[in-house]
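Student: Have a look at this one before I ask anything.
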Amino acid sequence: MQKAAGWAVAIVCPVMILALYLNFLGAPDDAVLGPSQRIFYIHMGAAVTAAVAFTVTFAASLAYLATRRQRWDVLAAASAEVGIVFTAMVLVTGILWGRVAWGVWWTWDPRLTTTLMLWALYGGYLIVRDAVDNSDRRARISAVLALVAYVDVPLDYMTIRWWNSVHPLVITNHGLAVAPSMAVAMFMSMAAMLGVYGVWLALRMRLMAVELGIEEAKAVWQNRGI
Amino acid sequence: MASMRKWVLVVVKDLQIEWRRKDFGAATVGLGIMAVVVFRVTLGATTRLGPALASAMLWIDCAYVGIITITRIYAREVPENAMLGLGLMPGGRIAIFLAKVFLALMFLQCNQILVLTLIGHGLLLQALNRAVWFELILLLGGLGIALVGTFVSAVGFNVAGDDVVTPLLAALLPLPVLICAAQSTADLWLGKHLGLWLQGLIGYDVVFLVLPMALHEFVWEV
């Protein structure tokens, strides 16, 4: 496991360095927004990674309810934790970009509202996990909540398509709405962030498995009166 | 048939408890009046209430009722482990959930009527002109809040720190319902065409009718 993690880091590091090079040096400045446009690459990469993370949580929760295997619950929880961090990155970079592009730090636009909602919902999911002591019940209740919270993910994606929004539309029906040189930087950023997500997920899952082992050992000791 | 009977029994039981305790009813009336008073004081007594503000007032009030009262709808089953008894009754456990949703919707509709009466006769008359559409929006919005609130209450019943978690989830999950309902109500008052907002409301209601029905058994597993 440790060897695999080492290999994963060895692959992700060069991808991340290349992505950072393209984001900050390789891609051209935007004609209107200037260098502040570079925030967009981080923003987009983090947004795609957060969506993938919550989709993994959704799928793992579904798998847990179907099979009742603890490893699915561990995967769901670890992915949600990492997903929350990436959603926070989306919000922070979005706020910074919005200040330059729209002149305001925050606006109650449908996309911004649903993203904030997403962040808070999965925050609630993690709070619920902490509030239940019994590991089986925790896994079951949080799997149910993860499935319910996932409703917001497609909603978040579709808001700018369904309702009037000031948020730019990058992926349109006619293809990408960015210049090809910018698209390369954007995709590289996505790849790098997905790599970071993968490594982080593996590490977090390993840690959670250890935590569960300790919990089970404690329960056994308590039952034996040790 | 057994589920239908169970549904009726749970509704009757909860209505009898409400008749004795009057806690949900009092909270519904209290919150309704409070929201109108706060809005009226803030806007000033002479300010004419426009459709957008009236709609916001109506749905903020529903959100309050949803967060404060509906999320406690399963709390009545806590003493003496009444939920276990209800679960053992003949008929599916989903009947309990649907009975609670029905009760929540009843309280919400009473609250909506109260707030609409307090808002002022001008807007109320306007609403009555398109009464069928107006009731449809109130019903769909109320149903969305009732479904989410009841489901969250069921989850909270099984979680130790539900005092914090339940209101948090109950405040966040129905946000799309509240946005769609508030926009639809304002559009109706303004005489606009009810398009996407109403569709969004129906879509969200369908999702939150199907999801809890599919997942309800997992929540109550022993």
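Cβ from N, Cα, C; glycine included.
Look at TrEMBL and you will find B:24-43, B:55-74, B:94-119, B:131-152, B:164-182, B:194-215 tagged as transmembrane segment.
Walk me through the surroundings of each of these features.
Tutor: With a threshold of 8 Å between CB atoms, the same-chain residues lying at least 6 positions outside the transmembrane segment (B:24-43) that come near it are 18, 49, 53, 57, 60-61, 64-65, 68-69, 107-108, 110-111, 114-115, 118-119.
Away from its own ends, the transmembrane segment (B:164-182) comes close to residues 55-56, 58-59, 62-63, 66-68, 70-71, 137, 140-141, 144-145, 148-149, 152-153, 155-156, 197-198, 200-201, 204-205, 208 of its chain (Cβ-Cβ under 8 Å, at least six residues beyond either end).
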Student: Using Cβ atoms and a strict cutoff of less than 8 Å, what residues sit near the transmembrane segment (B:55-74) while being 6 or more residues removed from its termini?
Tutor: 24, 27-28, 31-32, 34-36, 39, 49, 83, 100, 103-104, 107-108, 111-112, 115-116, 119, 141-142, 145-146, 148-150, 152-154, 156-157, 166-167, 170-171, 174, 178, 181-183, 185-186, 189
